[in-house]
Amino acid sequence: MAAPVPWACCAVLAAAAAVVYAQRHSPQEAPHVQYERLGSDVTLPCGTANWDAAVTWRVNGTDLAPDLLNGSQLVLHGLELGHSGLYACFHRDSWHLRHQVLLHVGLPPREPVLSCRSNTYPKGFYCSWHLPTPTYIPNTFNVTVLHGSKIMVCEKDPALKNRCHIRYMHLFSTIKYKVSISVSNALGHNATAITFDEFTIVKPDPPENVVARPVPSNPRRLEVTWQTPSTWPDPESFPLKFFLRYRPLILDQWQHVELSDGTAHTITDAYAGKEYIIQVAAKDNEIGTWSDWSVAAHATPWTEEPRHLTTEAQAAETTTSTTSSLAPPPTTKICDPGELGSGGGPSAPFLVSVPITLALAAAAATASSLLI
């Protein structure tokens, strides 16, 4: 009858664990959201618990050291970004959740950087902004555009959250534009503004599809072509001029050419056989500033291909030499018996002709082996 006791103990422990789990994981009120400045000190109270209440603190599910507590309060010194998280205070015995704080560590915003530019003149312009340093917490921006005393609409860019677009209402206006921007977050607020004339912010996008090619039979020429930026809406009414720069990769110094019109140029002073880098910029003929440089194009001037080493004269000379080496040696004349003098006898011509015949046979065999 003693066997059921351990089972009863296990059942009690399991029930207790279930109660604790339910208390620690049961639905609770939304945590209190709190923002604190980077580097500061913060004290987090355990809700309405007494100062001397026995509590345990956790952050993101991990127990915190008891030496961080001042009574039931949690004290954090020199806040760092890593201190951000969900802090929870539990009753030490029952593990009943007393309080939760969602802590965000960050900075107040510094003065924003604001700029405006017209790359679609004369349609309109856009303004963009950013903070010089991150705040690590959410920021809210508010933009106001004035043309004289008239408020203009600044349409949000669908792709870039820190940009908006304004349409020109009156071209060639002498009235200045004023753009103001304010930024705020849970830790502070800041603002800035700029004022400008319409023509001062005109700046096209860089030229597109820059291509450089060698010129056949011209070792010092490169032909460069490009296209007007696709964002420039009316190049006929508002023509662009171009600025071309180029240099060989072996040198650091650029050479420059300014072109009043056209979308092509031939470089005539390139170094033969050296790879070049070429870029082009654009500007309205009358107003505004130069665009940024285009994507770089690379090209090497034309070079003559090396000729074959064997020329026609060398081929003829080689053929003659080969033919001569294969010809048999001159035939040795067989002496007449009468020319041999006395004592030669009838066998003399036979004795003389044997070495000659052998020599001819050897020469023929040599020639045959060479031809094979």
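Glycine residues also receive a Cβ, built from the backbone N, Cα and C atoms like all the rest.
Lifted from Swiss-Prot, the feature list:
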| type | residues | note |
| --- | --- | --- |
| COMPBIAS | 311-326 | compositional bias 'Low complexity' |
| DISULFID | Cys46-Cys89 | disulfide bond |
| DOMAIN | 108-205 | domain 'Fibronectin type-III 1' |
| DOMAIN | 206-306 | domain 'Fibronectin type-III 2' |
| CARBOHYD | Asn60 | N-linked glycosylation site |
| CARBOHYD | Asn70 | N-linked glycosylation site |
| CARBOHYD | Asn142 | N-linked glycosylation site |
| CARBOHYD | Asn190 | N-linked glycosylation site |
| LIPID | Ser342 | GPI-anchor amidated serine |
| REGION | 301-340 | region 'Disordered' |
| MOTIF | 290-294 | motif 'WSXWS motif' |
| SIGNAL | 1-22 | signal peptide |
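Here Cys46 (disulfide bond) is compared against the glycosylation sites Asn60, Asn70, Asn142, Asn190, and the shortest C-alpha distance is to Asn70.
Here the glycosylation sites are Asn60, Asn70, Asn142, Asn190, and the one ringed by the most other CB atoms within 10 angstroms is Asn190. Sequence-distant neighbours of Cys89 (disulfide bond) (same chain, 6+ residues apart, CB-CB distance under 8 A): Leu44, Cys46, Gly47, Ala49, Val55, Thr56, Trp57, Ser72, Leu74, Leu97, Arg98, His99, Gln100. Cα separation, Asn190 (N-linked glycosylation site) to Asn142 (N-linked glycosylation site), rounded: 11 Å. Cβ contacts within 10 Å of Cys46 (disulfide bond), excluding its own Cβ and spanning all protein chains shown: 24. Secondary structure of the motif 'WSXWS motif' (290-294) per DSSP (helix as H, G, I; strand as E, B; remaining residues coil): 0 helix, 0 strand, 5 coil. The DSSP breakdown of the domain 'Fibronectin type-III 2' (206-306) into helical (H, G, I), extended (E, B) and coil residues amounts to 0 helix, 48 strand, 53 coil. With helix defined as DSSP H, G or I and strand as E or B, the domain 'Fibronectin type-III 1' (108-205) counts 4 helix, 50 strand, 44 coil.
Put simply, Asn70 (N-linked glycosylation site) is 20 Å from Asn60 (N-linked glycosylation site) when counted between their Cα atoms.
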